[in-house]
Amino acid sequence: MGSIFWHVLFCTSGVSGMVVEVTGFLDLDSLGVSSSLAISWDDCCVLHPPCLNASPQVFVFGTVTEWLHFYNKGLYCCLWIVNGLLQSTGWPCVVAVMGNWFGKAGRGVVFGLWSACASVGNILGACLASSVLQYGYEYAFLVTAAVQFAGGIIIFFGLLVSPEEIGLPGIEAEENFEEDSHRPLINDAENEDEYEPNYSIQEGSTIAQVKAISFYQACCLPGVIPYSLAYACLKLVNYSFFFWLPFYLSNNFGWKEAEADKLSIWYDVGGIIGGTLQGFISDVLQKRAPVLALSLLLAVGSLVGYSRSPNDKSINALLMAVTGFFIGGPSNMISSAISADLGRQELIQGSSEALATVTGIVDGTGSIGAAVGQYLVSLIQDNLGWIWVFYFFILMTSCTILFISPLIVRETCYLMQRRQAHVLSE
């Protein structure tokens, strides 16, 4: 739903400076709120406010203010803060709900395909905004608010948080029958063969007793800080494409705003394919970091290529899809499958509240990076031009690799050792 805000604001233009400022308020709210609510409330309860309570805010933000011809920057900022507070609680909880239903087996491809919901929403948002823009941008907000409210009603009455609600065994019970079921894809043990499955956050406590963990305990879990920092850099790049791409196409190539809006869909198409395929490969390898590293290295090349795209819509769309594949794909993996891996480690096995907390930390840290990035993109573009914006994206992508480099080295070494052992056994 958030995509319609930005497509409409860019298409109505003249407010790009305000867009950058308010974007910071949108994203800076999400780190502590989502994780704190996830600890205290049921996942289904936390999911209601983003859909039900945010829809009136959407309606007031874009429709009521236009009908009343009341334009106030302070009001827009306040409404956008509320929007960030409400919507930030959604993603950590839906990841927790998905984690309750799907175990390690095939998690990469399942979560990769499922996380495409955000990209599908972007595509639908772009099409919806473009189709009603001719009647006035306030109608895009009106339609969005109605769709969002309807989604909240469906969640309220239809969402099943866990298999236990309908008498089915939980994923932990099913995985107990599988050999080596408790070995997480993310493990800080230096020697994989010495992995000890029976440990907990506090000595003397049992896994079954773990329900919720504190913010500090979640940050201390293996892999949480590296992936959070990496996601801050990667989400900066991904969201910059999401927010700025239609404006860039219109401003740099002189294409019509509606055409630029629809053409930007190809970035999300690449992200959908990339997240699913890379998730599948990581399932096969049983490791995530090496797949991310390769994709991000290729993302640097795709950014260089896209920055030099000619004034041709077909070529631009192709390069855009390739860039989305190598940037949007890893972003979807970190925000979904990898967050689920981090929140389903043996330390906190069986705690959906802990999973939501971990996901909130990863997603919230990424949102801080995205918020700062929107301001920096505007600053760089105004003073240095678009080519330096792409250089900035390349730097942030490289920083993403740097933050997870210890995990990349360790997991790559493990894969090489496993292959050598397999060759020797033959």
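Cβ atoms are placed via backbone N, Cα and C, with glycine included.
Taken verbatim from TrEMBL:
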SIGNAL    1-17  signal peptide
TRANSMEM  73-97  transmembrane segment
TRANSMEM  109-133  transmembrane segment
TRANSMEM  139-161  transmembrane segment
TRANSMEM  224-245  transmembrane segment
DOMAIN    224-426  domain 'Major facilitator superfamily (MFS) profile'
TRANSMEM  265-282  transmembrane segment
TRANSMEM  289-306  transmembrane segment
TRANSMEM  318-342  transmembrane segment
TRANSMEM  388-409  transmembrane segment
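Taking every listed stretch (109-133, 289-306, 318-342, 388-409) in turn, the largest tally of C-beta pairs under 8 A with the transmembrane segment (224-245) is reached by 388-409.
Spatially, the transmembrane segment (73-97) is adjacent to the transmembrane segment (318-342); three or more Cβ-Cβ distances between them are under 8 Å for residues at least 6 apart in sequence. The stretch in closest packing with the transmembrane segment (109-133), judged by the count of Cβ pairs under 8 Å and taken from 139-161, 265-282, 289-306, 318-342, is 265-282. The transmembrane segment (265-282) makes contact with the transmembrane segment (318-342): 3 or more of their CB pairs lie within 8 A, with pairs spaced 6 or more apart in sequence. Through the fold, the transmembrane segment (388-409) approaches residues 186, 223, 226-227, 229-231, 233-234, 236-237, 240, 289-290, 292-293, 296-297, 299-300, 303-304, 306-307, 327, 330, 373, 376-377, 380-381 of its own chain, all at least 6 residues removed from its boundaries and within a Cβ separation under 8 Å.
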